[in-house]
């Protein structure tokens, strides 16, 4: 019978404390930081309906999980389209009159307004691509 010697499991000099994927070069991407503004029952007409550019309105509530999921997406869109599109958020708990006027029954609901008129409605937490595709139809 031949005996086979085993090597002790000792880390080699080449290994490091960090896994290989962590040693890779960092990804660089440009992120435009912006936040959607806030509107309420008192400011909605002036900010949204009288806007010279299209407006994306995010109807939300602080207790709504899906609303919190899409909030950063709306903020990203606000940054990416800041010169072409106005993005605002309306808290339906604090501004029930506007929410009622536009028949908001489910949140999150996103509406796109252009020229003071409602053009499009998106209900639910949808992917960013869906929101962008909808918004781009109304940009000049």
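Numbering starts at 1 and runs along the chain as it is shown here.
Even glycines carry a Cβ here, placed using N, Cα and C.
Listed in Swiss-Prot for this protein:
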ACT_SITE  64  active site, nucleophile
ACT_SITE  67  active site, nucleophile
DOMAIN    35-140  domain 'Thioredoxin'
SITE      65  site 'Contributes to redox potential value'
SITE      66  site 'Contributes to redox potential value'
TRANSIT   1-34  transit peptide
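Of all Cβ atoms in the shown protein chains, 8 besides its own fall within 10 Å of the Cβ of residue 65 (site 'Contributes to redox potential value'). The DSSP secondary structure for residue 66 (site 'Contributes to redox potential value') is helix. Confidence in the domain 'Thioredoxin' (35-140), given as mean pLDDT, stands at 96. Comparing the active-site residues 64, 67 on other C-beta atoms within 10 angstroms of each C-beta gives the minimum for 64.
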